[in-house]
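> There's a structure below that I have some questions on.
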Amino acid sequence: MADIDNKEQSELDQDLEDVEEVEEEETGEETKIKARQLTVQMMQNPQILAALQERLDGLVDTPTGYIESLPKVVKRRVNALKNLQVKCAQIEAKFYEEVHDLERKYAVLYQPLFDKRFEIINAIYEPTEEECEWKPDEEDEVSEELKEKAKIEDEKKDEEKEDPKGIPEFWLTVFKNDLLSDMVQEHDEPILKHLKDIKVKFSDAGQPMSFILEFHFEPNEYFTNEVLTKTYRMRSEPDDSDPFSFDGPEIMGCTGCQIDWKKGKNVTLKTIKKKQKHKGRGTVRTVTKTVSKTSFFNFFAPPEVPENGDLDDDXEAILAADFEIGHFLRERIIPRSVLYFTGEAIEDDDDDYDEEGEEADEEGEEEGDEENDPDYDPKKDQNPAECKQQ
């Protein structure tokens, strides 16, 4: 028994010696290593662990435990800072209201350009040679001889086939080239070939913030509407119950429109036949039932929000996606439609993701090189005294 006590005393003396060594003035790698040793020894000490656990128990379920422990006079000052933050949110809300006013102002300046785009797409206006001149990127430039040869070949091809009017299937191609392609089903495509234009209209000055998406169609065999609309209601003010969550204007709700489908042309519905067997008599009958069908045109019939504002999970997910699509159409598709028609906008988006991927790959390669290095010691990269500040 005495031998065991002597052994424990010897180990304790050794631990104390190690601690004293760490306290000596040292520099470089030895200091880091011994600091880690000291940390390990402290975490193995039952008394230290007990004190730490007691401290943590006092903070259970209280993410702001430090705040709660502050003196009352300091808490009062923190409350003053919160009131300042609310005023900041109110100023920010005014800022976004003025941004909306600027959008309305500049929409008037954009409109003549969008009108001419509409006329070119729909063969109302034929652009001049000067308007059709486009200087390609440097990497796409070719010699004048090749240009002339290509021009002659194009002219021959044009002579061989009927001259198309405007830019056929412009908006359908825009949708098929983008993430909206998931919304467009095969049975939607013949209808979207008749889509002539998409416009965005902002609410008038002094009116509640909102915008309307207008889809203009030429006469077709599917419905009688000339224009289908989707209205989005917005809010740009902090919520009184949660003012710190304000992060700019948000879409609060949306309203679609009724589509006046011609008989048998409603692509949002389908008829299914079910066979039902009578339990008692064993007879079988066929029942016809109309059910909803996946279609782009369901976009104009969003879920209705009850007066109490409660929606089931499916309806909430649909509305959240709907808001994203409405915002995307307004901010990207309508102002930059030609780039989505050609696919250049998609390439730009892909380039952004590729750059991120390349950076990640490079980081991965560097990590791999270190791990394959026989002299690499991962412990040397660890420094418990450092942490990242966000």
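For all residues, glycine too, the Cβ spot is worked out from N, Cα and C.
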> Please identify the range among 131-163, 230-262 that Swiss-Prot labels region 'Disordered'.
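Within the set 131-163, 230-262, Swiss-Prot attaches region 'Disordered' to 131-163.
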> Looking at SER10, SER181, which residue has the phosphoserine feature per Swiss-Prot?
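When Swiss-Prot is consulted, phosphoserine appears for SER10.
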> Near LYS116 (N6-acetyllysine), which residues of its own chain have a C-beta under 8 A away, given they sit six or more steps off in sequence?
TYR125
> Which bits of the chain, at least 6 residues beyond where the motif 'Nuclear localization signal' (272-278) starts or stops, bring a Cβ under 8 A of a Cβ in it?
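Counting only partners 6 or more residues beyond its ends, the motif 'Nuclear localization signal' (272-278) has Cβ contacts under 8 Å with 284-291.
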> Can you break down the motif 'Nuclear localization signal' (272-278) into helix, strand and coil residue counts using DSSP?
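Helix (H, G, I), strand (E, B), coil: 0 helix, 6 strand, 1 coil.
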